[in-house]
Amino acid sequence: MGPTASGKTALAIALVEQHNCEIISVDSALIYRGMDVGSAKPNAEELGKAPHRLIDIRDPAESYSAADFRTDALQAIEEILAKGKTPLLVGGTMMYFKALLEGLSPLPAADDEIRKQIQIEADTYGWNHLHDELKQIDPVSAERIHPNDPQRLSRAIEVYRISGKSLTELTKIKSEPLPYDVVQFAISPKDRKQLHLSIEERFKLMLNQGFVEEVRSLRERSELHIDLPSMRCVGYRQCWQYLNGDYDYDTMVEKAVVATRQLAKRQLTWLRGWPELNWLESGSDSNLTTVLRHCR
């Protein structure tokens, strides 16, 4: 695991070439078909060397939750173990890792009618008004959910209206944790400036590889819109807005790079509090040897 642009995929492929393991992707963008360039999806050559499970398993118009991931990942783990191989989970979607390792809380399924009502209230009174409501029913969640985060804010209120219990109450109840021994590694540059540089260079490479054209093709599909989870992936949202005419090309690039840096910061915040984690430095020649030592 590790922040975006830290070298996870390259190390994982090197591990597959040296050890009897099989990769399971832990990435909420790689699950979507047709979102290849902007998600830094492994290319055909890389997939030929090291096939990845749980990529290209959903259309961008479809939803996919942490619960869906846990179900799919557990099945993939069992299948890989049955072949006498080691499952190698690789990615940066920390909520997926957490769901797999710790289990999930029994949260109610989404209710379209309640969501529509919440959206109407937001359009009428504003998200700050709904955030004030959340402070009354779930102050702990209100403390960590920003008023400018409508997806999470709406979900917290929706959970309470469906169940009569706060998100904080329900998340204290967990299902069974992962029934396997796990060795965990995080890879990241020691220097934050180096990570920021890698992020900027990778986004410029994506642009040269046809990222704008990829998003333009997605926009042509009538069932896709900017508020879908798939289109909220970093880079895609900013490019979609650029194609809408919301701002110029240079501003799009700047906003996408900033959004990706913010994602990396959130990922690192998760990882700094992660238990039983072995840290690797991006680009270090000893990374492969270090991981293989734990595999034998």
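Keep in mind that glycine also has a Cβ here, set from the backbone N, Cα and C atoms.
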Which is it, of 226-231, 232-237, 268-273, 274-279, that Swiss-Prot names as region 'Interaction with substrate tRNA'?
-> 232-237
In Swiss-Prot, which of 151-155, 191-195, 216-220 is tagged region 'Interaction with substrate tRNA'?
-> 151-155
The annotated region 'Interaction with substrate tRNA' range in Swiss-Prot, which must be one of 27-30, 127-130, 211-214, 291-294 | 27-30
Nonlocal residues around Thr9 (ATP binding site), in sequence order (Cβ under 8 Å, 6 or more apart) | Ala40, Pro42, Glu46, Val90
List the other residues in this chain whose Cβ sits within 8 Å of the Cβ centroid of the ATP site residues Gly2, Pro3, Thr4, Ala5, Ser6, Gly7, Lys8, Thr9, in sequence order.
-> Gly92, Ile187, Ser188, Ser282
Measuring Cα to Cα, tell me the gap between Pro3 (ATP binding site) and Arg115 (site 'Interaction with substrate tRNA') in whole angstrom.
-> 32
